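So the structure is just underneath, and the comments pick up after that.
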């Protein structure tokens with residue numbers, strides 16, 4: 001039976017040393033599921049509420065004991081004897097129990113921990129890996145996603161002078177996920193050597209990418225191209241580039257303030273800036289190219305380069321189906337970043353992915369800068385045919401854990417394993 005017998009939560013630490021919530025669900029048949037909730041550094045203003053204690057004498061106010069108490073009290077009592085196999089019904093019960101639009105009463109971190117742990121428990125009860133169980137919910141084919149490997153960190157993810165938050169390599173020319181992972185790793189090694197050769201720091205940021213100071217943002221791209229070539233790969237063929245601009249972080253009074261470039265640009269000027277980069281470099285994906293409230297700027301960018309580049313809404317859409325629909329209806333962006341803690345339940349996460357695919361938008365399953373050893377997002381990416389995953393660089397075990405889970409899934413699929421590769425960008429004409 002998949003009836004819930006017990007729910008338990010605790011406070012643990014994430015990869016930045018901040019408290020986060022971990023939940024466990026035990027079923028009547030003894031099956032057990034556990035999930036830990038991630039946390040972001042650069043966050044959209046419309047994200048579901050991550051409930052923090054606010055007690056400055058404890059973890060500088062970042063404790064999550066209130067959220068833990070909500071799980072161990074109200075949520076555990078309400079869901080006892082509920083059938084965890086009814087994921088949609090369980091998540092609806094959680095949403096109704098919270099009763100707020102932004103999940104601010106009980107906390108999205110409380111709801112999400114239980115939602116994900118319940119799915120793990122049902123998968124265990126059915127003696128299925130999580131990805132296989134989730135694929136029965138989504139009724140999707142399965143595929144190994146293209147990893148978007150964040151090898152240079154900037155912005156809110158690093159203490160350097162780089163304005164843009166992430167510079168990524170995408171090994172689209174490989175024949176399997178394992179080969180793609182090898183390519184990314186070899187480029188990461190090569191980049192370290194190149195940075196040392198230029199006398200630059202090889203310290204890493206929150207997501208495991210290198211975080212040196214550069215003379216300009218574009219120097220980061222040039223350095224990555226050098227590393228790709230040194231590793232024996234061809235940029236534009238084997239490897240494409242991706243950016244997370246995270247422009248809401250430097251958008252102020254209607255201008256984009258690029259400290260590293262000593263420029264303050266209007267939306268039109270910043271669109272020109274990004275379009276010039278697209279013309280000069282093998283960039284296939286730009287995330288949060290414009291600020292979350294600059295819908296007019298987003299439309300300009302979409303009209304300018306949207307046929308040639310994947311334009312990903314993260315802060316713009318915050319994995320929220322209601323907000324995402326506005327983007328679809330207005331033809332804004334052409335892809336959505338999927339972060340489970342932005343919306344707060346598994347069901348709503350899967351709904352956002354399904355909505356993207358129905359509208360011919362790409363979906364990218366993503367980690368947060370504050371992560372744990374939890375690997376749930378790897379299974380979600382495979383089970384939904386998301387075709388792309390963002391889970392950081394090639395160091396820090398909180399990032400590598402997801403890559404290792406994808407290796408396990410690829411091995412389990414055997415001859416049925418399919419790597420998305422270039423097919424992930426079939427609608428993009430470069």
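Keep in mind that glycine also has a Cβ here, set from the backbone N, Cα and C atoms.
Annotated active site, proton donor per Swiss-Prot: 207, in sequence order, evidence recorded as sequence analysis.
A coil conformation is recorded for residue 339 (active site, proton acceptor) in the three-state DSSP classification, outside any helix or strand. Of all Cβ atoms in the protein chains displayed, 26 besides its own lie within 10 Å of the Cβ of residue 339 (active site, proton acceptor). Residues annotated as active site, proton acceptor in Swiss-Prot: 339.
The (2R)-2-phosphoglycerate binding site annotation in Swiss-Prot covers 165, 339, 368, 369, 390.
A coil conformation is recorded for residue 314 (Mg(2+) binding site) in the three-state DSSP classification, outside any helix or strand. According to Swiss-Prot, the feature Mg(2+) binding site maps to 244, 287, 314.
Distance noted between the C-alpha atoms of residue 390 ((2R)-2-phosphoglycerate binding site) and residue 287 (Mg(2+) binding site) is 11 Å.
What surrounds the Mg(2+) site, by Cβ distance within 8 Å of the Cβ centroid and not counting 244, 287, 314, is the set 165, 166, 243, 245, 246, 286, 288, 312, 315, 337, 390 from the same chain. Here is what falls inside 10 Å of the CA of residue 207 (active site, proton donor) among the recorded positions 244, 287, 314, 339, 368, 369: 368, 369. Least packed by the Cβ count within 10 Å, out of the binding-site residues 368, 390, is 368.
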